[in-house]
């Protein structure tokens, strides 16, 4: 996004001790360890957190050739047990982390953000209105005096960016010099500037601060007026002056004085301004586009009372220092939700997330939003992220908000910008994938953003001008290679945990700044604990499902171990929560039974009919096969016994968990699939419906199948999954290719036409699922989407990539 910030904590807000720049402690104090070989699942009556204390931590072999060869066959003999200590109470550690995050989310106000020495220096330069010759805000000068770094500079102590250190330091030197205080600090700061100014030549241009080419020359001129001599003959400075002159020629002075633009954010660097006109463009809080330095400059020239109130409030709020932008409330609310979701821990915070998005929706406008509420200027980054999250959570938002950002065939983050931001276009791409039917603007946004990001990736130019983050190239690469239709929650989480930098991620504004409620180690450590806990349970389930497989000799019915693993992976990657184990195993076992039946009777219509007849003979009660002798050949008998024994177990599980007898519903669902399959021998016909119906039944969701919406969902899901199944079957022996997620299909190619139809149906399905006004339980509808996305993933994801995901998701612990 455009500007984001990082944080100073208020006294009544949660103390984020882990945000210490120099010595971050463990996020959850009191970790202790011991050896155990115990297996248990603990349940809490109010919030179920299942803690799988499994066998000692086990490691899998490194599958270095996983992308070139077939799926690694991971069996018990491949797994070496290691005596690795486990936390005494993982449940307590997770609960403690959840409580900390809940406290953070519950304390959100205008945004937590770090202090900017540059902006604080501008505030310190303001002369007292009633006592000329003295500072209006002496506490800002004191903040500067207290926060000089050991090398004589000011700026972020953990990240050395020459642009950041130089502009912060020069501004602070000017402020101290103006009021003739702390000459020793001035001298040390000036020495730092002179010794390091040449480093600008080697800096990455993508990481140049916002408006640096305007603000820094302005500071140099101020320094000269105060008698501060700085050599200006370096090639780096000459380049900056050239960029400044070019940018100033492009600034439409007539427009900027009459219409709110992003130039209001950098007024302190612009010459010859008509302040009488500009004051009319103030934000409602008295600021100029929420910039303390820009507003401080305006206060110097206008003595405006609203400017004074804005600055005065910030100085008191942050104890003398001020941020580089404030407030950042919408940015913080949106990005927090995004991080929690991608880290896989959002399920712990449903009420808080609902509150966050409700807040964002209250300030949503027909033109979008920016980083703060009540802004007359919007940006594509915050608008895209907000649009995506609001639509995902059932809010009605129009894609027309993106029209103002379209410029010809391109989309821009702001009108008048000089270069694109990777993350802005990346978030536009993510938003465009929430497309409903006939949303042309999103089609255009998707096509542009995909092409832009692919070109940047091919040129190894995935550096962003708004954030320095741990692994943006792989984050963007994953989104391009695995579009949202194919993106499985656990796969995204497993990879994002490695890409998320926690408190080390730093944002780029006029200075570097941090957003501790967006980027922190509390989220990261909680995500790691929760992921490994879930994975431990998944590993136990994997062991057990292999025993189920062996017990029924499913290998003899055409289901190999690799298929079993892929099927369990698909179920787990969608339904990963410990408390949803029954649904997860039901998904996996149902899919495996379907495969076994379809594979074994693939070439014999007579045997399919025989199987269907025998299936229907069983009474519609519990205990289908108890004591009954099957007068059919052994294979059919074995499969029928297997199916009904498994259905019996499903029914018992549902009865125990939900207190409902779903036996009849299960039988009806299976009978419908069996009869459909026996006609044409195509297992894909109706398979998705069987999975959806069974999963929802096991989750305690019952719904009238006669309802029009329910029938429409089933029809769409069956249609799309059947098409995807056939597409996968037809292309499984060809060289796989990633899905072209840009809408640019070749209409003369039958496969492209099939893809176009799939995309069209997917948009309609997404619209039905995300529409919250139809009265249907969202959890029921989400099952339709989850099953369909698993088919999409299978059809369009390279087998080598699938193998890699399986190894990461199920067998590689997060460290």
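Glycine is no exception: its Cβ is also placed from the backbone N, Cα and C atoms.
Lifted from Swiss-Prot, the feature list:
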- 1-51: transit peptide (TRANSIT)
- 247, 465: substrate binding site (BINDING)
- 379, 381: Mg(2+) binding site (BINDING)
- 379-382: motif 'DXDD motif' (MOTIF)
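Most Cβ neighbours within 10 Å, among the binding-site residues 379, 381: 381 holds that distinction in the structure as shown. Neighbour density around each Cβ, counted as other Cβ atoms within 10 Å, peaks among the binding-site residues 247, 465 at 465.
Here residue 465 (substrate binding site) is positioned 14 angstrom away from residue 379 (Mg(2+) binding site), judged by their C-alpha atoms. Note: the Cα of residue 381 (Mg(2+) binding site) and the Cα of residue 247 (substrate binding site) are spaced 23 Å from each other.
Classification of residue 379 (Mg(2+) binding site) by DSSP places it in coil, neither helical nor stranded. Residue 465 (substrate binding site) carries neither a helix nor a strand DSSP state and counts as coil. Averaged across the motif 'DXDD motif' (379-382), the predicted model reaches a pLDDT of 96.
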